[in-house]
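The structure appears right after this line, and notes come after that.
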Amino acid sequence: MESSNHLPNKDSDTVSVTPVEFSNYQCEINPGFNDFLKKSGFEDFGFKFNVVTILGSQSSGKSHLLNSLFNASFQTMDASKGHSQTTKGIWGSLVLSKDTSMNATVVFDSEGTDSRERGEGRLTFEHRSSLFCLALSDVVIVNIWYNSMGNLTGSNYGLLKTVVEANLELVDTNNEENYKTVLFFCVRDWSPSLSPLNVVKDYVLNNYMSSIWNEISKPARFENLGVESLFEIRVFGLSNAVTQSESFEMDVKEVKKTWNSLKPREYSRRVPSDGFFVYSKNVWKTIIEQNHLDIPTQKEMLSSYRCSEIKTMILESLTNALPELKEKDFSEYLMGLLKKVENQYFSQASRYDPVVSKKVGKELLEQVCRKFQPFFESALGDYVKKLAVESSSLLDKEFSVNSSGKELKVSNARPYTVWPNFSKKCEELQKKQTEKLSHHLSSFKVTFKSTVSFEFEFEYQPLKDHLNLLVSSEFEVLRSRHLELLKQQLDSMCNSCFALVKNNMMDRSLNEDQFWDYFDELFDETHKNCVDQLTTSYVGLVKGATRTEFEQLSLVLLLKATQSNFEELQNNLEQLLLERFDKFFNYQEFKGELIPTEWHKQSAQELNNRYKESKEDALTLLQVLKTTKTKKLPSFDANYVKKNQYFYSTLEGPVSDKYSSPLTEQFTIELTNSCSKKFMEMYKNAQVVQNAGTSVSSWRNIPPVFWLVLLVLGWNELRAAFRVLLKFYILIPLLIVSYFTFSYSANKLLGPKANEYVKPVRDKALSLLTALFAWFVRTLHMIASKSSSFKQQTKNLKMAKKGNKNRDSDDEYVGKTVTKSSHSIYKHREPMDINLIVDHDEVEAEKNNLPCWRAAYASGPARPQRHLCVICGFFANYKCRNCATRRIEAINSYYCSLRCLEVHNETNCGKAVHLAQW
């Protein structure tokens, strides 16, 4: 039921929520009141709220006063319809401050006392409502009329007596001297002209409260105390709300100001906002069922309250004082802190009930230990990480990968024999590390024995969960690595399949139906091999996986790899077409093998026909790839697959059910035109070879005998050319240039590694130059000795010449004979030793009874076995036949080469040149 007359306060800084019934006329609690509090957000206030209740006679303006004080909207009486009962039961409203940092206020408007409608049962309800208001409220407003002061019933004298008696059950002044129930006496229709406010206050305090305090029976401890020890009493005079509305508003502001100054910062009953409804309901039920408040003794409540306050204060002081600790310092620091906290707590709590204080003290120490739970986990975090890294290293060592060779090795064995044990090994390592952690954590159990004795074990499960998470993460990294290797094995199978496909594409009998049927069978066979070979490995790597799952998964992955291979093949399709054309056009079968085509043996017509057929056969591949086939894909539960399976994360986007993307018509035309041009180039090259073979005899047709004759006839020229190249002034520069060329090329090609190859060559060259230099020195020495020998021989010849002047005529005859012989020798270019020449001269001399020129050597030293060139000093290979006929000059007629011999001819013999090898 909502209020019909709402009197808002224009200066109010609060917002009131529409009142809701708490208890109806029959004293039944309304469950909707709890929903009302929840919807209003009251549960979020904690202890930051206050409770205000009001007591007073029926039709005394209680609801109007609450509306004026808190800007509430309780229903008020419509005087135009006569006096009657307006508020029935107990209603509650929630007043929220516009400043969110301020407390909320729960306002209860209760049914008025002295109700004619209640009849004889009015006293029961008055007693119940009074106890309820006193048990819940931070402040109780007593609303009385000025004109009723002095009356027994109208002034609520009996109600006040009930309030005072009930409060004795709730307060123990011995333990909490400052605790007082606040009573606001609001005297309505008061005016200074009627009576001063001080007189009214004295009347309320003395004639009402003190009189009641003296009349009731009190425990012994309250005998010497006044009513002021239990209550904080304030008396306010309120002007008439109708005739003196402005004065009434000012008086209400004074009441509100006093309330704001006296209200506690937190709810005095220490009941949180989310449990307020349950607390209120239990209090109301207790009052109805037992007619008195069945609450624990105030001493225990006070001890519990104060010890809890001390405990809270100490815990709050520890919040910002806890440091980050290392594992080795944790236990020592914690035990020292517990001793310090215990001493600090009992220095204040020892004045209260020992049972309660020890109980709360134990709770305090336990809560201190619980506050250390995050620091405990942080201190042991490094140890947990160490265990995780250790487990990862052990697993990595157990499944070490070696891919350096041609075949993948895991733990120096074939992966298919090792992978099936992966998940089992992971579980064993994880269990081992968890047991190791549990054993280590048992050393951190807290055993405290002092004023309070207790044992405490930290919550180990978060650390175990953290270890399992880290270990699982490390294992997942290794698992993903091995699954990637497994996927590479699967891709390798697919690539091997495509090697066969490419061979099939080079077949001349290729056609569309045959190719796709062949590929379909090959794909199924590859998939079967993959499942047979890799299923146990996959099941071992992925815990809980099944064979059916891998069959479906491998099919999708193979199809993805197939599409990738076909895409790569289409990118290189032009090269493949050229290879097909080259195979069909430039090669032919011979005894089951391909051999190059001999175009010079082919006719022009055969060449044209072969070109046409090869082109058509090569372009058949385009027609094959313009179509494709589909493969039925398996269906999966995406929610299950994505969070559990590794391979599906590698599939970027959806997978098509087609083996490949068919070639478009435009692409086919462009590719055909491009290939046709290159086909034509091959055709023209074949034409050139064919024309060259038919018009001119090939040098390959020259008989081998011709090459043999050519070698014999040109032997002297070949030897002369090689001798020129091997001379020092040509050979040495060539060697130097070759060495530097080799060094430069090696540095360019090999970089830093070039020294490995250049150094041996350099060492070999240096040793060769050293040997060459030694030979050169020896040669110079030999030349010097030959020179001295030559001088002696010349001297002997001159002496012989003087004694043989009569032989000049014989020399002419011998010269003619030798000249004739030399012409014959030169003509046939036959090698001849000088000894043969000398023997020939002796024979001719004997035939003609002439003296031989060798007789000149009879008295001199023996001829040396080797002769030196008289021009350059090198070993002689030639001699002049023209000079050989003159015996005295024969010793000077040796020459090393044709060039030196020509120099001799120009100077000595003129144009008559007769050569012979020595």
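First residue shown is number 1, and so on along the chain.
Quick reminder: no glycine exception, Cβ is built from N, Cα and C everywhere.
The annotation GTP binding site is assigned in Swiss-Prot to G56, S57, Q58, S59, S60, G61, K62, S63 on the grounds of sequence analysis. Listed in sequence order, I54, L55, G56, T87, D109, S110, G112, I141, N143 are the same-chain residues six or more apart from K62 (GTP binding site) with CB atoms under 8 A from its CB.
The annotation coiled coil is assigned in Swiss-Prot to 554-626 on the grounds of sequence analysis.
The feature domain 'GB1/RHD3-type G' is assigned by Swiss-Prot to 46-280, with sequence analysis given as support.
Marked as topological domain 'Cytoplasmic' by Swiss-Prot on the basis of sequence analysis: 1-701 (among others).
The feature topological domain 'Cytoplasmic' is assigned by Swiss-Prot to 747-918 (among others).
Taken from Swiss-Prot, the feature transmembrane segment covers 702-722 (among others).
What Swiss-Prot records for 726-746 (among others) is transmembrane segment.
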Non-site residues, in chain order, whose CB comes within 8 A of the mean position of the CB atoms of G56, S57, Q58, S59, S60, G61, K62, S63 at GTP: G112, N143
For S57 (GTP binding site), the number of other Cβ atoms found within 10 Å of its own Cβ: 21
Average pLDDT across the topological domain 'Cytoplasmic' (1-701), rounded to a whole number: 78
Where S57 (GTP binding site) sits in the secondary structure, as DSSP reduces it to three classes: strand
Neighbouring C-beta atoms (10 Å sphere around the C-beta of S59 (GTP binding site)): 19
Which of Q58, S60, S63, the listed binding-site residues, has fewest other Cβ atoms within 10 Å: Q58
Number of Cβ atoms other than its own within 10 Å, given for G61 (GTP binding site): 22
